[in-house]
Structures are given as structure tokens and as C-alpha cells.
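My questions all concern the structure below.
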């Protein structure tokens, strides 16, 4: 199925990825060290209960990851949410989900370029930022042109070093707390005991504030859904990929919860009293716990980690574009092209690289806001696709097991994500709706005024 026989039409994505390859790519995309960057902002929004907001976000993501698993078994395609909504609800709905997801995936590499440039400018303030933008984009594009297996191998060492940094940092915080010290000075044992439930819940806890924090933290988990775009490069897709998606989200969530539990005890009060900028707290956190030398070393490594995340994001969007091009909803000759040498969607990889170059003009807050719109759209419709495909179309709602698997679980996922829609930032909603409007106009043109359904690939029509 994935062999190349010498013609462009025969060139397909190769199945080279196993379970841990997929998990590594997912963790690289999620980038566990983002917990240092988001801690201050989420602590402020959640009223100093970051680990609880992570728990809420993780629950929503795990329900949704189960829905992804159901849909991957039915449609093992690199289109992810786009394909699932297309086949399970309606081709036009699928197009709009793909269009919205495209916004999420297309901008994700740009976020990592922006973050890397911020770190580099802090270390080398005299270098023009365009040097970093162009150099980092070229590197990210070149790695992806080598193929998915190369991406996985490149990311492996990066992920393990990240986990090592987080483990060492958490150990240092633990030792400080054992010694009776936090960021305020002496640890008040009556209120902040080492194994206290205070970081999770107290008499001042607000559920609305916790959900607001969880909405912000959904950005930390956006890597897990991109793994479905690697379906056509995964060995034994229908068994491997559902496990990989669930485990990626679970592993990341456990890391986030444990680490921020100790961080919340160490920084127990208003983050503005500890951090110069609550929206970019990594440097201050690292210096407060480990000193200037530790901060400098980790900051250098952070540049590498955001690039690893960007490489994975780059891989995901290029494959979504490939599936949409293969289906004919966007230009097939360009977006449906597979390189006969590297077996990668090389044109798409270069297009994504060109878009990433605009990072030199973009504001980080706006880009992140637009990404959240695309991510929540994809999560919502994956859950709805399970109900539509299995419970409604296939009639698998006749016994308790099927009702639980194909109605209860996806409905819980939908409700969890819907709660986050209620807390989405106005900027994200505004830009997302503008993007959706352009998608509707293009869909109307493509379907001759909606007289016909959007084009779709027929590989799974008999399923």
C-alpha cells in the first residue's frame, strides 16, 4: 500500500512509525516544558489552583482522545477530524472542520518560531530577529523533508531531555519545600504543608475560574490530536494510533499535574508578586528555583524544545493539507503531491515553511488565540462524529456497552469541550469566525453554490 513504483500516482506515505515513535512525536509537539511558560497566567486565572485546571483539561482531553481512537479505527486516514466529520456527518461539515483545523495546525509552527526567537533575542539582543526567523524556519522545513521517521528520531532525544529537566526542577522544588522554604520565604506549615490539598481546592476555589484556567491549558494538549494526521505512516494503525493518542495525553497530563502541584506550593499567592510578566514566566521560575546558571542552560535548551514542537506541528499540517489536496477540495497537483524520493508531502512542507516566515510580523497572543479556535472546533466535531457514525448511522446504541462507548463517552467529551467554548477569548472567536467565513465562501465556490457536496476521497466509503 505504501510502496513507490516509479510514478507520482504511486507515491504514498510509508508506514514506518511504531507506538513509541508516535508518542515521542506527540510529546514533542505538546512540549512538556510549556508548563513553565503558562504557569503564571493560569495561576492568576484559576486563583492559584493550576494543578486542578490541568486535571479538568486532562479529563476533557482524555474523553476526546477516546473518540479519536474510535474514529481512527473506522477511518485510518491522515485527515483526522476533517475526514471523520466528512464521512460521519456530511462532506461539507468535514470541509469546514478541516478548514478550521488548518488554522490551528498552520499557525502552530509559527508559535514555536516566535517563542524560539524570544529566547534567542534574550540571549543575543544585538542580532536582527529576521536572522533567527529565516534560519529556524529553514531548519524546521529541512528536517520535515527528510520524512516522519527522521522527525521521530530527531525528537526522541529532545523529549527525554525535557523530561529530565522537569524531573530535576521538580526535585529541586521538593528539596526547598522539605527545607521549609517557598518563594515567600518560610513555609507556613498550617496552610501549605508539603502534601496539602491546598493547590487543588480550598474554601475560596471558584469552578468558573478553574474552567477558565483549563481553557488556557487546552493549548498545552493540542499536540495529541495532530497524531491522527500520521495515520497513513503508522504500522498497524487501527491498534497503534488510538493507544498512542490516549497515552500521549495521559503522560503529558500526569507530568503537568505533578510538576505544577509542587510549583503551586512554592509560588502560592498572586503570581504578579513573583514574576515580571505572568504571561512569560519560564525565566523567572527557573532563576527563582535553580539560580542564574540553571536558567541560562535551560533557556538554551528551551530553544531546541520549541523547535522540536514546531517540527512536529509542521509535519501534522503538511499531512492534513495532503489529504485535503488528495480529496480535491484544494488544488490536487500541489497539495496532493507526494515526493517520490522522501515519500513526504514536500510541496506542503515548503508552503508551511513559507507561512512560518510571517512569524516576524505576528503577535504571539493573537496567534495563540486563533489556534484555540481551530483546536476546539476539531475536538468538538470528533466527539460528534462518533455519535453520528456509530450510534446513529450504524445503529450501535442497542446495548449498554455500545451506549457507553458511542454515546456517553463522546457526549462527555463534547460537554467538556463546550464548557471551554463558553470561556474562549473574544479575540479567538473573532478571528476564528472570520476564517470560517472565508471557508464558507470558498466551499460555496467549490460546490457551485452548495449544489453538490464537497469532494471526498473514496478509500473508506465501504466502511
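Cβ atoms are placed via backbone N, Cα and C, with glycine included.
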Between 176-193, 428-445, which stretch does TrEMBL give the note transmembrane segment?
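In TrEMBL, residues 428-445 carry the label transmembrane segment.
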Out of 100-123, 244-267, let me know the one TrEMBL marks transmembrane segment.
244-267
Can you work out which residues elsewhere in the same chain, 6+ from the ends of the transmembrane segment (297-322), have a Cβ less than 8 Å from its Cβ atoms?
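Same-chain contacts beyond the flanks: 13, 25-26, 28-31, 33, 78-80, 82, 98, 101-102, 105-106, 108-109, 111-113, 115-116, 119-120, 122-123, 136, 139-141, 143-144, 148, 151, 154-155, 158-159, 161-162, 165, 223, 226-227, 229-230, 232-233, 282-283, 286, 290, 330, 335-338, 344-345, 348-349, 351-353, 356.
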State the non-local partners of the transmembrane segment (244-267) in its own chain: residues 6+ outside its ends, Cβ under 8 Å from one of its Cβ atoms.
19, 22-23, 26-27, 30, 32, 35, 39, 43, 48-51, 54-55, 57-58, 61-62, 65-66, 68-69, 72, 163, 166, 169-170, 173-174, 176-177, 182-183, 192, 194, 196, 198-200, 217, 220-221, 223-225, 227-228, 234, 274, 285, 288-289
In terms of Cβ proximity under 8 Å, which residues at least six beyond the ends of the transmembrane segment (368-391) contact it?
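Long-range Cβ neighbours of the transmembrane segment (368-391): 60-61, 63-64, 67-68, 70-71, 74, 80-81, 84-85, 87-89, 93, 97, 100-105, 107-108, 111, 215, 218-219, 222, 225, 397, 402-403, 405-407, 409-411, 413-414, 417-418, 420-421, 424-425, 427-429, 431-432, 435.
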Taking residues 6+ outside the transmembrane segment (428-445), which of them lie with a CB under 8 Å of any CB in it?
92, 95-96, 99-100, 103, 366, 369-370, 372-374, 377, 454
